[in-house]
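Here is what Swiss-Prot says about this protein:
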type	residues	note
ACT_SITE	177	active site
ACT_SITE	227	active site, proton donor
ACT_SITE	297	active site
DOMAIN	34-198	domain 'FAD-binding PCMH-type'
């Protein structure tokens, strides 16, 4: 890879200098409050800048990592080499008739609220999902009986060559916590949702109910990575973990939540290594006790810390 100072000069010639940060600590951008530094942390505000960065990185063989709002991800303390592209500044939300077009970095909660404000129904389920639009499409996020595939019209993505590709709902191949975005290593830049006219009092009542249920059941008072495991067929991950007597089990500063066994919370300056070790322990115990494999929903990226 090129020297850091050479990459910096190249980037300054490609994109606005004020969106470039060098050796940027990533823990401030994740819900777990863990993670080392990024060699380069870039915050583009336009799709064209994303394309320019991706094409440059491809040409120079520099690895690229994308970050949304860091709600369902663990970044290791060794940090991330190459370029990290933050999508948070791609945060426009435009409403027209029964459609909403939102940038990848928009919070899906804010899109849900925009739908409510325009008396549109269909996104109430997302009122408590902490992720970004890009992350929500990436994993077909869902909650309380609704999921992204129920309401998305299309997504505009960028591929590893820096080309823009638009995918319809069907072409996105949205499945349980999966999509073509994952399979083809794409990144969502924008998504459009088609909703239905509703009644404001009914929309608000549903959102209030879902918010209350979320706040009463989830450990929102601590840093966490959200739901750690996918739902195994025929089971609930949280119930299996609870029945394995693992609630409150701690590795370092991270423990299985006493409030909801499907969550792991950072209660005392925990590290990404603590999270990983705890995840492996829980997987091992549940496998031994119930012969059920727990697969991670949370993404783990970055390098392990040097010894």
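Each residue, glycine too, has its Cβ placed from N, Cα and C.
The residue listed as 'active site, proton donor' falls within a strand when secondary structure is assigned with DSSP.
In the three-state DSSP scheme, residue 177 (active site) falls into the coil class. Across the domain 'FAD-binding PCMH-type' (34-198), the model assigns an average pLDDT of 97. Less than 8 angstroms from the CB of residue 227 (active site, proton donor) sit 72, 237, 262, 263, 297, 298, each of them six or more residues away in the same chain.
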